[in-house]
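What TrEMBL records for this protein:
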type: BINDING; residues: CYS464, CYS467, CYS504, CYS507; note: Zn(2+) 1 binding site
type: BINDING; residues: CYS473, CYS476, CYS491, CYS494; note: Zn(2+) 2 binding site
type: DOMAIN; residues: 237-403; note: domain 'Helicase ATP-binding'
type: REGION; residues: 1-25; note: region 'Disordered'
Amino acid sequence: MPRRNHTPDLMESQPGSPAPSPTARRVRVMLPLPFAGALDYRAPAGLDLQPGDIVSVPLGRRTETGVVWDMELRLPPEFMPPPMPPVAAGRLRAVGGRLDLPPMPAPLRRFIDWVAAYTLSPPGMVLAMALRTSTTAAAPRPAAGWKVAGEIPPGLRLTPARQKVLDIARAGTPMSTTDLATRAGVGASVVRGLAQAGCLHEVVLPAPWAFATPDPAHAPPVLEGEQADVARALRDTVAEDRFSITLLEGVTGSGKTEIYMEAIAACLEKGLQVLVLLPEIALSSQWTERFERRFGTAPALWHSDLGPRLRRVTWRAVADGEAHVVVGARSALFLPFVRLGLIIVDEEHETSFKQEEGVTYNARDMAVVRARMDNAPIMLVSATPSLETLANVGAGRYRHLRLGARHGNASMPQVRTLDMRASPPERGLFLSPVLTDAIARTIGRQEQAMLFLNRRGYAPLTLCRTCGHRMQCPNCTAWLVEHRARRILTCHHCGHHEAMPPACPSCNAEDSLTPIGPGVERITEEARATFPDARILVMASDTLHGPAATAEAVDRISRREVDLVIGTQIVAKGWHFPHLTLVGIVDADLGLGGGDLRAAERTVQLLHQVAGRAGRAEAQGHVLLQSYVPDHPVMEALVSGDFASFMEQEAEQRRPGFWPPFGRLVALIVSADTPEAADMTARALGHEAPRLDGVQVLGPAPAPLAILRGRHRQRLLLRARRNIPVQPIMREWLSRVKPERGARVDVDIDPISFL
Ligand code: ADP
Ligand code: ZN
């Protein structure tokens, strides 16, 4: 919830506005708060308010910022929330005033209503994602900086501190007071003193937020064959200027990014805005550079690491239409585009598009809705499309464009499974001699190798050899993960951490705690011992802090300052490493356990993506999968590269039981302070479960994460045929159950996580 401590600029009354009308006009105002809908207010005399206007209103004793909402909701009937009771006209409070901000466009308002209704969230909480941090800011003021004035006035005492400031100011471009003082290592008063003495004079700094217009003709690629055909089809789609959905499928390295840049170019030629969603903003450095090479200027970025100022400026530039291309994480979906002409969702199969906290929504699916609201085409891009998307292609709802081969002389990497039963690692180690030999040969040829293990830390489990005690999180049903470099045990679910105890906390045996299984830290230790001369770089989300560090690591790999990369999921992203020719998957079976509906599909997608880092230039790439189940369909699909057949098998397994995408799922997660409250609430839900044709309720049952952050959890799962809208069923069901004290029910439509 936005918190504000100053009153924003108001336009209390406008000059030349019509005379106050005797009958007060009722307006509906949506506030970024968890109410069931918009609240009724009175438009003060002389203030002509239109839907979309951003206003300040009184709420209790506070002043809140909200948006004038439409009088009528435009939603499919099954999505309609129950009406809110009207407030008597006489009791309406007056809107305080309109803020000096561009109004929120109608398609975004309708999108917010839709997302709220679909996810069963209070619309105000969805609005909060669109309004966050941006509204209180007036238009950004240009920043001021200092330049050295010509002559030093005679009689000025030049202290060493002052001298330092002058030296720095003379050498570089104009800088703000803070920057100048920080660089010189002096207090801000030194800078101000020099300014007063007339040694520095003020200049307006070039705006760091100036969003230059990307030039679609800057550096177009040379396209031939299927690339040219697909690019033409995408351009034609943009030219249609209306809502449509296209899947762009192509193996890693086939030029998908290159090609969809042409769709962006087509959209820019029409003067329309483009939104590109990437699953992980860590990827943005390479992506941004590429964009810059193609269009001559950088795109606007939108992600959680943006500072508050840049965030406001970007929001404003999108609303004013000055930001032409925005590349961002899922929250960019809620930006106030004024003329959105195209949405691209890259790596559409990625489950990280699902937001699991607060309003739970899948940004890929909601992007399709946003495109429909703005009547714009959307393109979903992937080497391994999700079964959901493939089903939509099969049903004729999505268009399908394909790139069959890698670009240029690069060929697909050769994938082999390495049967760990036949060539096991030495005792206490995790890399098979077959894999270490391959790494040694690769490094010997001056090429680069990569080891992938999707697990942070040193070991996922710490066990007492004497009594069998397992080190567990006090707040969660989860083992503590050892992070040896930091000498701690930590919980990957709640963040709890503690020092590694010298003795077993259960039996007091000393030196008895033993790490079980590997994380990347442990693999790194093994690799350092096996390849003492190799230059090793570890890439994991807890060792690389932020996009800058990631970009630096990527640059080092590109500059060939690294022989062996060891990483978690972060290395799976769409990086282009031309000298990397060998990828070793330390544990290809890792994602297969756990009984998750999409476990096999996700493993194929992830491992194919990692494998795709190998052999992206001339030299042939090789991939070795360490597995104890080399005959598993997942391994066979990775080896053959025949994902279409694999996905057909997946579909055949899900179809009979109406599992997604052939049916709909809704998860209910009951959490409570006590096991009793969780249990009673869950049982009440089970008791009141809907009994309808084509609808089935599974559970309640304790969640796999039975305790999370100290809260006790139970789960229920509703499964319905695809043609049955689940929202009214859920609404009705939830209205009949009152959670116990201290208990809460969270609803997750189209769940991805089953923990
Ligand atoms: P994908 O997104 O399918 O993995 P990319 O678009 O990243 O593929 O292309 C792989 C590599 O080939 C990149 O380095 C890209 O710049 C290059 N490439 C692809 N198509 C072309 C082209 N038509 N001209 C020049 N380079 C290309
Ligand atoms: Zn925990």
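Every residue, even glycine, has its Cβ placed from backbone N, Cα and C.
Curation plays no part in TrEMBL annotations; they are all automatic predictions.
Here the features listed in TrEMBL are painted onto the structure.
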residue	record	CB count, 10 Å
CYS464	Zn(2+) 1 binding site	19
CYS467	Zn(2+) 1 binding site	12
CYS473	Zn(2+) 2 binding site	24
CYS476	Zn(2+) 2 binding site	22
CYS491	Zn(2+) 2 binding site	20
CYS494	Zn(2+) 2 binding site	18
CYS504	Zn(2+) 1 binding site	21
CYS507	Zn(2+) 1 binding site	12
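Distance between Cα atoms for CYS494 (Zn(2+) 2 binding site) and CYS504 (Zn(2+) 1 binding site): 23 Å, as a whole number.
Only CYS476, CYS491, CYS494, in sequence order, out of the binding-site residues CYS464, CYS467, CYS476, CYS491, CYS494, CYS507 have a CB under 6 Å from ligand 2. Residues CYS464, CYS467, CYS504, CYS507 make up the record's Zn(2+) 1 site, and a Cβ search at 8 Å around their centroid adds ARG465, THR466, GLY468, HIS469, PRO505, SER506, ASN508, ALA509, SER512, LEU513 from the same chain. Excluding the listed site residues CYS473, CYS476, CYS491, CYS494, the same chain places PRO474, ASN475, ALA478, LEU480, HIS492, HIS493, GLY495, HIS496, LEU708, ARG709 with Cβ atoms within 8 Å of the centre of the Zn(2+) 2 site Cβ atoms.
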